[in-house]
Amino acid sequence: MDDRSDDHDIEVEGGIHAYERKISGILDDGSVGFQQPLLARNRKNTTSQIAIVGANTCPIESLDYEYVFVFPNFTFLLFWKTETINEIRLLGRVAFCRVIGNFLEICRYFQAFFAFAGCNLILATAAGSLCAFIAPAAAGSGIPEVKAYLNGIDAYSILAPSTLFVKIFGSIFGVAAGFVVGKEGPMVHTGACIANLLGQGGSRKYKLTWKWLRFFKNDRDRRDLITCGAAAGVAAAFRAPVGGVLFALEEAASWWRSALLWRTFFTTAVVAVVLRTLIELCRSGKCGLFGKGGLIMFDVNSGPVLYSTPDLLAVVFLGVVGGVLGGLYNYLVDIVLRTYALINERGPGFKVMLVMAVSILSSCCAFGLPWISQCTPCPIGSEGKCPSVGRSGIYKSFQCPPNHYNDLSSLLLNTNDDAIRSLFTSRSENEFQISTLAMFFVFVYCLGIITYGIAIPSGLFIPVILAGASYGRLVGRLLGPVSQLDVGLFSLLGAASFLGGTMRMTVSLCVILLELTNNLLMLPLVMLVLLISKTVADCFNKGVYDQIVTMKGLPYMEDHAEPYMRNLVAKDVVAGPLLSFSRVEKVGVIWQALKMTSHNGFPVIDEPPFTEASELCGIALRSHLLVLLQGKRFSKQKTTFGSQILRSCKARDFAKAGLGKGLKIDDLVISDEEMEMYVDLHPITNTSPYTVLETLSLAKAAILFRQLGLRHLCVVPKTPGRPPIVGILTRHDFMPEHVLGLYPHIDPLK
């Protein structure tokens, strides 16, 4: 594993040995110091969606955004994944319906259950095994990882090719297994993984390389590519191109500029065009179940939308309920993830066993609850469609006689898309009984919490939409006599309120819902309910993705400084003295420093006789030092010879390597004679690093660090006659755990 960190180097007792890296919170043995994801002393930070799934421990590295764009056409792969999930899920449901229907017709109920649960268990075990044994980072939705990466956090394997592989096939198996999960979150992660694969020029390990992409191998361009990939994932999953752009702007990206806006818009526009083309091609029947439906997934356009004052009060009520339920949902998810940590940290086998247990529980609930529901006569005019036998459809007969359907099984044993479509529909107000809607809400709400956290790729959008739509339709049924809105529109508003309460997004969710449902007339009500639900939920806790980022222990930098930082200055949180290099340094000194530390930034000092007085030359990165040592561009004399190094080096030699491809100190072979030689560091030194005075407010330093997307921020002395650099600030120095650990008396909670 590539153990990496980006904190500055501390000289202890004049030597370079056993540095205790208190600044970053990560000790030399790889354990986590102050920042422990699940607040357990023996638990280590991992790179899975949930720090509880238990991947290998890895220190966190920051990205370099100090600077150019290539547009990857990965739309077809995203479409293939979306439609493959739909096809396998539909084929699985069709097979389930046929087998179960045959057993139910001859009253073999136990055989029907074992066939249903057995198929689910096999698919669930396949999904869990892929995540547990191949790519633990593929578990969960992946949106928190993408959000953290775009904030400047480079954690091991979160965008690796193996993660991409497991994300695609794990999502297919997980959704087809009947879990209460969605494919939309994993689609965002998939798009980001594809963009990262293109951004690093392919994968040498898997024999997939593209030399023409080597010119774009830097963190800034890769960040833009991954932003476009995340937007493309949303556009492909929801068929909402504008919503994809807004999602990347509002939730995913930490830095935004006008050039990135049109690039993401271009990406999602291509997604929409390719989707439309492939859907039209598949309508000929050559693609099986591919291409069913159009760009509008849940068409609820039912004519004019009229509402009165009682309807507005009902919308406000839905917003408040959605905020309360969303805050409770996030709180319970947090508890479940911490509980699962005790199981998942035991090893991959226990992760798979947990997946199997949740699969059996889901199958028992999905098969057992419909027995409580009563049979309902088929609606008038639905002859030939009710009940659905041996195919995917809206009405499921289950144990009911001919011309009757079981409304609860029509929701539980259907595809998620068909269930949402049924809840959003305005065909019949009494299509689903009040008791059915209540039971389905409890089922989706509870199973969504229990399922999110097991070792499978799982998204939250679909479970949240299902739960919100069910209680929204329930409210619509109860307020039917006094409301002018039909129950389908109440379902849409309920879904919006629950989405706002859990994810705390507004603009992007509003546009995504409108693109999903093709009902622009609902815009004012959707805006109102999203704002209310977000405001109410913010009174309790943070959004679910922010909670996951915090739980993983990722050093995510918010766009604002904490109030207590105004009482501190930059020098209060830096440590020293620093381990620095001279402009012309002995090879042995550099090799020893790289060998005994794992830091990434080293100050370079110009000293006499090259300058009149010591002054800061800049910062040299670890990766660049390794390249310089590997090239063995040394001199026996302590003189400047940077021009010779520049002539013998190529720019691509210093391009950022892909995952696991970078040089390591153990790869270097340096003789004893070479150890006594010198090397000029000036050609690889960033001679214009960002610097701040030691008396600068820590709050201002944090805002500067975040807005500029820095990796290192040099702190220089205010008065002359002192060493030219006081210390180096990294993102770990701004983390509340570090600052409050140094100054506990300023903790606002004490």
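Note: Cβ is positioned from N, Cα and C throughout, glycine not excepted.
Where the annotation comes from TrEMBL, it is an automatic prediction and has not been curated.
Note that this is a predicted model, so its numbers are computed, not measured.
The domain 'CBS' annotation in TrEMBL covers 684-748.
According to TrEMBL, the feature transmembrane segment maps to 113-138 (among others).
Taken from TrEMBL, the feature transmembrane segment covers 158-181 (among others).
Feature annotation from TrEMBL assigns transmembrane segment to 225-249 (among others).
Per TrEMBL, transmembrane segment is recorded for 312-332 (among others). Sequence-remote contacts of a segment are chain residues at least 6 beyond its ends whose Cβ falls under 8 Å from one of its Cβ atoms, and for the transmembrane segment (312-332) they are 445, 448-449, 464, 467-468, 471-472, 475, 479, 483, 485, 490, 493-494, 496-503, 525, 528-537, 539-544, 547.
Sequence-distant contacts of the transmembrane segment (352-372) (same chain, six or more residues past either end, CB-CB distance under 8 Å): 112-113, 116-117, 120-121, 124-125, 127-129, 132, 177-180, 340, 343-344, 398-399, 406, 408-409, 412-413, 439, 443, 447, 450-451, 454-456. Taken from TrEMBL, the feature transmembrane segment applies to 352-372 (among others).
TrEMBL lists 437-466 (among others) with the feature transmembrane segment.
Per TrEMBL, transmembrane segment is recorded for 478-499 (among others).
The feature transmembrane segment is assigned by TrEMBL to 505-532 (among others).
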Q: Find the average pLDDT over the domain 'CBS' (684-748) in the predicted model and report it.
A: 91
Q: Count up the helix, strand and coil residues in the domain 'CBS' (684-748) according to DSSP, in that order.
A: 26 helix, 12 strand, 27 coil
